[in-house]
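Worksheet: the structure to be examined is printed underneath.
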Amino acid sequence: KSGGFFFCNTGLLELSLGKFRNVLLNQTNPVEAVIRNIASNVTVIIFQVHAQRSDVVISFDKNPSVNSSGTGVDKGLVSILRPQQSVCTWYLRSLDASQVFSTAISIPYMEKDPIPGGCNLEFDLEVDPNIYLDYTLVDIHIKFAPANLGYTRGANPPSCDSGTGQNSRWRLRYDVYQYFLPENDLSEMVLMSHIRKMSEVQSIKANGIKMLTLTTDDKTNVYFSSLPGQGVIYNVIVWDPLWNTSAAYIPVHTYACSFADLVDNCSSLSKLSTKVFFTALAFLGLFTCFFGHRFWKTDLFFMGFIFAGFFFFVFITRVTGLGYDVRLILTAVAGIIGGLFLVASWWRFGSVLLCMFIIGLVLGFLFSSTVFFTPLGDYRVFRDDVVFWVTFSSVALMIPVLFVGCPRILNILASGIVGSYAVILAIACYVYTSLAYITLDLLRRVLNDYFSRAYTNVPFQTNDFIILSVWTMLALSGVTVQLRRERSEVPFPPHPYLAWKRERERRSTNVLDPSHHIPPLRERIHNKLLHIKELFQKEQPAGERTPLLL
């Protein structure tokens with residue numbers, strides 16, 4: 001016994017209904033799992049086994065077949081009990097040659113409880129209570145078979161296609177739940193201790209987050225945003241509103257990453273190029289956070305870099321198939337050009353309104369992304385791309401419009417908030433934090449046409465509260481320092497090009513100014529070249545010298 005669990009590594013695993021047992025599985029010797037003395041009012045038993053990384057095989061027979069077994073890290077079988085049956089047996093083994101640590105549980109249900117996967121028409125098992133999960137770096141897709149109504153032992157199961165009335169399976173409802181594992185923890189024991197919280201109906205309701213409810217008219221598949229490196233458990237509760245009874249499917253977990261890959265595995269997700277890019281951006285952002293308004297051209301460069309880099313990365317990802325590292329390098333180059341262009345535009349035209357509009361847009365995009373980062377972003381109405389982008393753009397444009405009369409305040413707020421968020425993005429390259437998804441989910445929606453169907457809920461745990469406090473402290477400190485330092489200064493520096501022209505005109509008309517008597521540039525260059533030429537000429541022989549007569 002360890003940590004509240006019982007271990008078994010023998011060939012026989014004695015189970016009790018509703019109790020977890022840990023078991024070590026291997027490839028050669030299958031473990032026989034047995035439940036005895038089953039009560040007569042139990043009509044269905046769902047037996048399930050879970051492992052963290054390695055697939056296990058669960059079957060009704062010692063020699064598993066496709067229609068009587070399941071293979072995966074989270075698998076289960078439904079045993080429909082016969083009259084007078086009081087013993088159930090299943091067989092477990094791993095696919096790996098080495099031992100696999102797993103946990104198993106059997107959950108009983110009565111005759112009025114719905115049967116998960118009882119109307120399966122898509123998968124191999126006749127009754128399939130499993131949730132099937134696929135993931136990419138962008139989203140996670142879960143799907144499951146429809147349930148059927150419960151029935152007594154020995155009776156024929158209700159028909160799955162005999163009408164759509166209240167006496168058929170069409171009255172059933174499906175509640176989809178999500179549960180986040182502790183951040184930055186990839187251990188097996190943590191997974192096993194938390195997956196039991198998502199296995200039975202009451203514990204799922206108490207610990208999980210209810211994301212949505214599906215009716216029988218809806219497709220039984222759901223999409224979520226992918227969170228690489230963060231453990232997530234999903235499960236579905238099927239509810240019969242007539243009898244007010246429920247049953248749970250087999251919980252399924254994912255980290256949205258691979259433990260086996262040598263590079264970019266679950267333990268080291270951020271690429272070196274990403275770390276270099278955002279670390280450099282963080283230093284510039286930290287300087288801008290506290291000194292952005294004082295060093296106006298540096299502030300313009302920072303905001304122009306972000307503005308140009310974001311749109312260039314979207315463009316190059318959409319139209320080319322270049323690798324990530326190449327795209328990131330080109331994005332850095334485009335960002336530098338964009339930053340220099342904004343600085344040059346200010347120097348030549350001196351338009352504060354144009355510069356402040358771009359700076360306001362950057363702050364507005366971050367503010368709008370933060371709004372949709374909240375549960376508001378998962379409202380069904382925003383699944384429509386037109387509704388989403390119109391609302392998002394309106395919120396983003398609201399910032400420069402509201403501050404059109406006080407550009408200095410807008411610039412200080414933007415430099416403090418955006419600059420400090422650049423530090424948070426750099427932290428996210430080394431330590432997981434959900435705050436990175438404020439902007440990452442926006443980028444995913446821009447780049448992927450079907451990301452609108454994904455629910456974007458993320459965990460918010462102790463680590464996130466600490467990093468949120470750091471962001472808040474940096475932003476408030478930066479804004480406060482700049483407001484106090486700049487309150488007695490002019491709102492913005494004078495137009496540099498006009499100042500240069502006025503200075504040139506003053507020097508050309510003021511004869512008392514020493515600079516008025518400076519030769520033209522062309523003459524000065526000519527004189528300098530003559531001087532250099534004289535340095536390389538040989539001294540001529542003097543011949544006979546006659547002293548001068550006074």
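Here the Cβ of each residue, glycine as well, is placed from N, Cα and C on the backbone.
Annotation comment: TrEMBL describes 276-293 (among others) as transmembrane segment.
Annotation source TrEMBL lists domain 'TM7S3/TM198-like' at 279-483.
A Cβ distance under 8 Å defines the sequence-distant neighbours of the transmembrane segment (300-320), meaning residues of its chain 6+ beyond its ends; these are 281, 284-285, 288, 292, 327-328, 330-332, 334-343, 346, 355, 358-359, 361-362, 414-415, 418-419, 443, 446-447. Annotation comment: TrEMBL describes 300-320 (among others) as transmembrane segment.
The transmembrane segment annotation in TrEMBL covers 326-347 (among others). Residues of the same chain lying 6 or more positions beyond the ends of the transmembrane segment (326-347) and with a Cβ under 8 Å from any Cβ of it are 273-274, 277, 296-297, 300-309, 312-313, 316-317, 320, 354-355, 358, 496-497.
What TrEMBL lists as transmembrane segment is 354-374 (among others).
If you look up TrEMBL, you'll see 386-406 (among others) marked as transmembrane segment.
Among the features that TrEMBL reports, transmembrane segment is placed at 418-440 (among others).
Marked as transmembrane segment by TrEMBL: 465-483 (among others).
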Looking only at the domain 'TM7S3/TM198-like' (279-483), report the model's average pLDDT. 92
